[in-house]
Amino acid sequence: MSDYKSTLNLPETEFPMRGNLANREPEMLKSWNENGLYQQIRESRKDAKPFILHDGPPYANGDIHIGHSVNKILKDIIIKSKTMSGFDAPYIPGWDCHGLPIELKVEQKVGKPGHKVTAAEFRQKCREYAAKQVDGQREDFIRLGVFADWQNPYLTMDFSTEANIVRSLSKVIENGHLHKGVKPVHWCTDCGSALAEAEVEYEDKMSPAIDVAFTAVDKSALLAKFGLADYAHNISMVIWTTTPWTLPANRALAVAANVEYTLVEMVKDGQTQALVLATDLYESCIERFGAESHTVLGTVAGSDLELLRFNHPFYDFDVPVILGDHVTVDSGTGVVHTAPGHGQDDFVVGQKYGLEVANPVGDNGVYKPDTEIFAGLHVFKANKNVVELLEEKGALLSHVQIKHSYPHCWRHKTPIIFRATPQWFISMDQKGLRTQAISEIEQTKWIPDWGQSRIEKMVENRPDWCISRQRTWGVPITLFVHRETEELHPDSVSLMERVAARIEQQGIQAWWDLDASELLGDEADQYRKVTDTLDVWYDSGSTFSTVVAARPEFHGHDIDLYLEGSDQHRGWFMSSLMISTAMNGKAPYKQVLTHGFTVDGQGRKMSKSVGNVISPQHVTNKLGADILRLWVAATDYSGEMTVSDQILNRSADAYRRIRNTARFLLANINGFDPVSDMVAIEDMVALDRWVVRRAAALQQELLEAYDEYNFHLVTQKLMQFCSVELGSFYLDIIKDRQYTAKGDSNARRSCQSALYLISEAMVRWIAPILSFTADEIWKLLPGERGEYVFTETWYEGLKSITLESDLSDEYWDQLLAVRAEVNKVIENARREKQIGGSLEAEVTLFADDALSAVLEKLGDELRFVLLTSKTEVVALAAAPSDAIGTELASLKLSLKKSEAEKCERCWHHREDVGTVTEHPTLCVRCVTNIEGDGEVRQFA
């Protein structure tokens, strides 16, 4: 054989079989960075139509997790595929840099502001900490192969962004959406200040647990709801609470709309009265009240009780029944005492019903002087007085001491309270923001489409947005309010622009360093500076204006797409919608796409305690970023995204199939010159024309899938093409022609031309997903080309030509089916040691007339399609009884081992082996390919 080896066209490539991605990818990243790849891409799309994907900023604290990776990789796939589609798609990554988590980290190192460090020093430390966190996360994102302007990201703590946040707020104010109100916050009476969620610890505490009766104002209206006409005794609704001191601030009774309530008559100490209680709880309540007997009078849904009124147990006013989602029937009575000034749920539901936010308690935890009955008492001491008063009024149904978990101050270790304090709000209704926002939601495309109804419901039901915080590290609310009237300065908008100009130069510290007289002159004594900072959701929610509208890369274009996890309907999508509508009267985005959360193989949330966390760093170090990227692309992100080592190993297997296909393509177009060796599609062998046609059709499908962000469809169709049309059919068939045909014959060049066209197309198809591998392939493709595939557009060389004399796609589909049946028979014969390989087989196909016509079209070339040395087509009626049946009703088969000699060069068993005396071990076909003009192939 050694004499003839040099006459074969053996495959050869530098593209290694093993990806070795974990080691090779970092070298590529270095090269991309040194060559300014991102800038090259920007340059290549200079005047193209823009596509703007705006990056929702992750929080600058801690390492990135798998959810961050999913998010950034999805964005990167979109940016790259849009670039391939000819768009100018800049990607400016961002980070959210202000807020409590960073403050807490810095406090652990330097203590609280105002103690060992000044507030100014503390802010500087926060800035330094956030910058360091950004650096760490940036490296991890770059490692994923995400293309972005990494050296010029946006940070919400950039001086320019901080200034623009102030400008954004001034526009919201100018449009009339700001108002001052009150909101309950955690309050430590020892500190005399509000506490953030993170400053609250839960400890066990003994508290009075009481059941209190509120008597009906209009008994007949209540009875009518239960279908009753008359009742002689008192009727009350009963609440259960462990904070009797909040009863002076009670302004409503909350029930659950979809819970059933029972009117139950109770006799106790000879007294009869009827009580409204949740059906699921009334028996335990009656027992707790010590009833001697009871009778059920009727039942009704909670929703039917809405807006009925009941008397306050010790003040001279009545309160309504309201519906609240927070009401449960786990314990108590199923009716919740509602004091909007003393509870977050109470406040939210109270906003919906326009309830007064009563706050009778001062900073020090003592009732204010105008509090009826309890003025001057500390709230915790007043519990006893409230209980005694209820007993005196006959409103106390039960009273016990219970031990329960209660919020405490982390500094003083003392119980805290919820207390309404003055805050700044963006109003949902005073200028029609709610209505406008809902209208904008309808103009936006939501992917998946259930996102629309989800955010619509949230906007319909949300309270005013409290945008103020009492923190140190945040963008200040740069307002001056009148010391006596609390009114905003009439020139607030222009004053805010002057403050913004200073912040642009010096950062947010400029506000705290500012003396009011510098801007207000003689008026300074009448006004005070607001010391509150903005909710960090305002920082990120305003970036459509503070970043996208401000940065030159975006050329002032509208944003096409926001893409984040499904929790952001409540978060970034919401805050962005509110601010943009308040500022500009429109949504900031045209499309909003959400992806699900990552869960482990059993559908559980990732958790260190469970030990099921998969870190992106672990995956890139072990398998490589392209494997992680392939997993992201192949997973349907519209639901939960399941990840585990086993699932990632499956992605690695899928990757190997794609890599092996690419390797075969490269190895067989080695030395091919696309200028001089290319065979026109109309001159190709029919099978080659078919595969080019299939590739062209596939490209259309892939481009549509990319355009609709259906990346799992892209990977599915690509895998199908690599495994079935190419792997199991086309590539298998052409090996003989590719290796044994005359080197520059039409038979071989036709095949190479098809492989070249597929390679040019496929490297582009995979580039948005398998970026590292695409770059590796690109550098080994023959012909002149640009430095990077990423500056290219989708391949236009694929033509879908069907000649009149051609075999249709349906024809080849039939052949695929026949070949699959023949393969089964050959495999079986190999297993039973009847033959060694398929070329030892001679196959007879017993086919009906229709199928015979199909098979006979190929003449002697049918054997190349079936990978056998000899193939014969015979009428189905002539099939012997021992012929092998197939899944095709029109086909039976028989197989025998060839008795012909094996050609030393092509390994086919042919009767003409040795008939050319100069080449006694070769078949005539091989002699023609070595010494003659080369064999002619028409079909395969």
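From the backbone N, Cα and C atoms, a Cβ is placed for every residue, glycine too.
For the motif ''HIGH' region' (58-68), the DSSP counts in helix, strand and coil order read 3 helix, 1 strand, 7 coil. Under the heading motif ''HIGH' region', Swiss-Prot lists 58-68.
The annotation L-isoleucyl-5'-AMP binding site is assigned in Swiss-Prot to Glu564. All protein chains included, Glu564 (L-isoleucyl-5'-AMP binding site) registers 20 other Cβ atoms within 10 Å of its own Cβ.
Secondary structure by DSSP for the motif ''KMSKS' region' (605-609): 0 helix, 1 strand, 4 coil. Among the features that Swiss-Prot reports, motif ''KMSKS' region' is placed at 605-609.
Summarising the annotation, Swiss-Prot assigns ATP binding site to Lys608. Residues near Lys608 (ATP binding site) in space but far in sequence (CB under 8 A, at least 6 apart, same chain): none are found.
Marked as Zn(2+) binding site by Swiss-Prot: Cys903, Cys906, Cys923, Cys926. Non-local contacts of Cys923 (Zn(2+) binding site) by the CB criterion (under 8 A, 6+ apart in sequence, same chain) comprise Cys903, Arg905, Cys906, His908, Arg910, Asp912, Val913.
With respect to Cβ neighbours within 10 Å, the binding-site residues Cys903, Cys906, Cys926 differ, and Cys906 shows the lowest count. Put simply, Glu564 (L-isoleucyl-5'-AMP binding site) is 60 Å from Cys926 (Zn(2+) binding site) when counted between their Cα atoms. Secondary structure from DSSP puts Cys923 (Zn(2+) binding site) in coil. Confidence in the motif ''HIGH' region' (58-68), given as mean pLDDT, stands at 93.
In the three-state DSSP assignment, the secondary structure recorded for Cys903 (Zn(2+) binding site) is coil. Taking the centre of the Cβ atoms of Cys903, Cys906, Cys923, Cys926 as the Zn(2+) site, the nearby residues of that chain (Cβ within 8 Å, site residues left out) are Thr740, Glu904, Arg905, Trp907, His908, Arg910, Val913, Leu922, Val924, Arg925, Val927.
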